[in-house]
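Per TrEMBL, the features are as follows:
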type: REGION; residues: 20-53; note: region 'Disordered'
type: REGION; residues: 99-131; note: region 'Disordered'
type: DOMAIN; residues: 315-348; note: domain 'EGF-like'
type: DISULFID; residues: 338-347; note: disulfide bond
type: DOMAIN; residues: 393-520; note: domain 'C-type lectin'
């Protein structure tokens, strides 16, 4: 088998990767043939005799040192600069000579033959093109953060600007393009890919300076016409702020040159942008309030630390809710799994676990008190307040609160009186209560001027575990009087109110809304 003498200096491929030096700082894939340079691959060979002591190398043929049937020749690593090989025994500064024999008795001399360094036609090897080094984690974060920061500062403001996410695949493509030192034509725009690239003198600045230069093109961009002033270019700017681009990958590469080293910077965007229709440029984004035209899949609005701008993003909490008291939110069902001792849709109800005169309802984590008892643990003796009834229907007494509270606050206050939130089991009770409440509107029995004090809580809630509305005692509701189009908020509006604007028919509402409420006592 033949051996390749491969340089492994700063920035060069390692031995055995399928590459040999063919010029100053240039490398040729032995499997690539001579059909021309591929954009995004390693730089094509350069005709150069190399430094003193290194003879001119043929182009594009790679240098191979043939040595039949020898396996002791270890991979070579050298600190030498590109374009010159060290004085290796058997392949020295003249690049000719005999390979040293392995030591006698080493077991490696069988089949050993002499060899010289020769130029041979390329052979197809299975090794892929060497991937250029990716950006560091720190630089990746910097490039992505600065992109999103600049996208959230466009003027006029963008209504549909998406937040960019990093793509490792695009990063590899951009790195390969940068490794070509931008030689050859730039990759053409494609429906799924857009490019921005720049070649700067080495040391002129990093990606921060490059992105500032691209964004500064926006000072010459006229959003009304979609064109750049004069003969200037704004295509870097428009690609940077193309609203529907969602993924980003960038790469950089240090390149040699006749006037000193330079650095190539490349960014790839997906989907691409900078489109035209009949010669008319498409505007990069839609003008309007930040995040006002986000798509359904990007309904979240990402804002920077200073709360400026706004970028459409996949909502981190599509349920738009959180579980309290260390509850765990199931994103697929938008339901909370509560820890022991808590219950409720948001795990906001703490269990007492003890009912002195009543029965404990595990699902509600509360006590259902016996007649004549009240309080959180049904330990308070209460005399039945017939004299305080606002409405008596058959054997039940209904009291209407003058103040407002949340659903669970109202439930506790009724329980402290030895009652429960009203249960409307038939049309008769519904009609009488609706009539009484309509007459009550003409009075002024309100001590709390909350926005929705015209509505009244009753003891009906939607149980996601049962997928139905149930009374607080746990029984399903066989009678309902929902208003037209209601209920319409399952999953969000889990508590039921008698709604003044619907003739006191029912509406499902968020439980944290503050309403007045109706307490019910029984004999």
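Cβ coordinates come from backbone N, Cα and C, glycine included.
For residue 338 (disulfide bond), the same-chain residues 6+ apart in sequence whose C-beta sits under 8 angstroms from its C-beta are 323, 325, 327, 344, 347. In the predicted model, the domain 'EGF-like' (315-348) shows an average pLDDT of 80. Within the domain 'C-type lectin' (393-520), the DSSP-based counts of helix, strand and coil residues read 27 helix, 39 strand, 62 coil.
Across the domain 'EGF-like' (315-348), DSSP helix (H, G, I), strand (E, B) and coil residues number 0 helix, 8 strand, 26 coil.
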